[in-house]
Each structure stands twice: as structure tokens, then as C-alpha cells.
Amino acid sequence: MAAMREMIFRIAVMQPIHIDPEAVKPPKRRNVRISKDPQSVAARHRRERISERIRILQRLVPGGTKMDTASMLDEAIHYVKFLKKQVQSLEEQAVVNSGGGGRVLVGGGGVTGAVSGGGGGGGVMKGCGTMGTHQMVGNAQILR
């Protein structure tokens, strides 16, 4: 079971993520009387925010749209653990490839990279500048 889950995760990592804002919006309600009580309004907004985030998470987790919420949240935990392992292995691979003298920074969208002093040629590179060479590993770009 774990090997199959990991295989599904590996396939999902290679797929581009497109979240259509229209698909995230809640369905329209018809002919429903909505309470104007401030406490009810606040509770409804809270529930709507939570359900919107659940719908986004369902699109990010492989197979999440085909599961109930509890199963999808459990699968999301496993997927995040898998992604953390992938990031660690990419960081280790980048350190080995750079000769151990550089460091790799992990940003919001993946491994963006920074090389300082030791192995890669003077100064500090940040982000995706024009200095240095680029290497693609999976969907992550590593600067050397």
C-alpha cells in the first residue's frame, strides 16, 4: 500500500497544478432564507472559508476529489510528508553536486537555491538571477 501511494505521489509531483478559481467558489444557493443574525453570519463565513480551503486542498492532493474529507485530510498528511522527503533529497543532491561548499534555500515554490562563497564562484546568488548555471531536477530549479 505504501509503495503504491508513493508511486501515485511521484506521478502527481510531475503534473502541473492548475486551480481554476471558478471551481473553488462555493455552489450558489437558491431559495434559501439566510439569517441576518451577526453570530450566524460570522459562523457562515467561517464555514465558507473552511470549505473553500478544503476544496483547494482536494485539488492539490492526488485523488483528493474522489475521497471524503477525512480520508482526503489523512492523504494530505502523507503527501506533505512525501514532499518533505523529496525536498530533503533535492537539498542533499544539490549539496553533493556543488561540492559541499554551497547551501540551498527552499522557497515557497520549490528549491530556488543560493550558493555562497565556498564552492561556486564568489558572492551570493539569490533567486533565479542570470549569474551561475541552472540545473533542473524534477520540477525544481537548482542554482549552482
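A Cβ is built for glycine as well, from the same backbone N, Cα and C atoms used for every other residue.
Curation plays no part in TrEMBL annotations; they are all automatic predictions.
Per TrEMBL, these features apply:
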DOMAIN    34-83  domain 'BHLH'
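Summarising model confidence by region, the domain 'BHLH' (34-83) averages a pLDDT of 90.
DSSP places the residues of the domain 'BHLH' (34-83) in helix, strand and coil in these numbers: 41 helix, 0 strand, 9 coil.
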